[in-house]
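Marked as disulfide bond by Swiss-Prot on the basis of sequence analysis: 12-63, 16-36, 22-46, 26-48. Feature annotation from Swiss-Prot assigns domain 'LCN-type CS-alpha/beta' to 2-64; the stated evidence is sequence analysis.
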């Protein structure tokens, strides 16, 4: 498990405005919790706590 930005296909973050949206998204994929990281490295994106290793995360490089 790891703490990371959860990724959509093509290495894009899930953009957000509310913590509840990210918490629901992250826990649905098996994370302990999640919140909306405002003005982070990739803008406003969902950050997950203890996200399982099999779930894609945002990695360095372009969002396609």
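The backbone N, Cα and C atoms fix where each Cβ goes, glycine too.
What Swiss-Prot annotates, mapped onto the structure for a quick look.
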residue	record	Cβ contacts under 8 Å, 6 or more apart
12	disulfide bond	58, 63, 64
16	disulfide bond	22, 36, 44, 45, 46
26	disulfide bond	6, 33, 34, 46, 48, 49, 51
(message) Looking only at the domain 'LCN-type CS-alpha/beta' (2-64), how are its residues distributed among DSSP helix, strand and coil?
(response) 10 helix, 28 strand, 25 coil
(message) Quick check on the disulfide-bonded residues 22, 46, 63: which one has the highest count of other Cβ atoms within 10 Å of its Cβ?
(response) 46
(request) Pick out which of the disulfide-bonded residues 36, 48 has the most other Cβ atoms within 10 Å of its own Cβ. (result) 48
(request) Could you tell me the mean pLDDT over the domain 'LCN-type CS-alpha/beta' (2-64), as a whole number? (result) 97
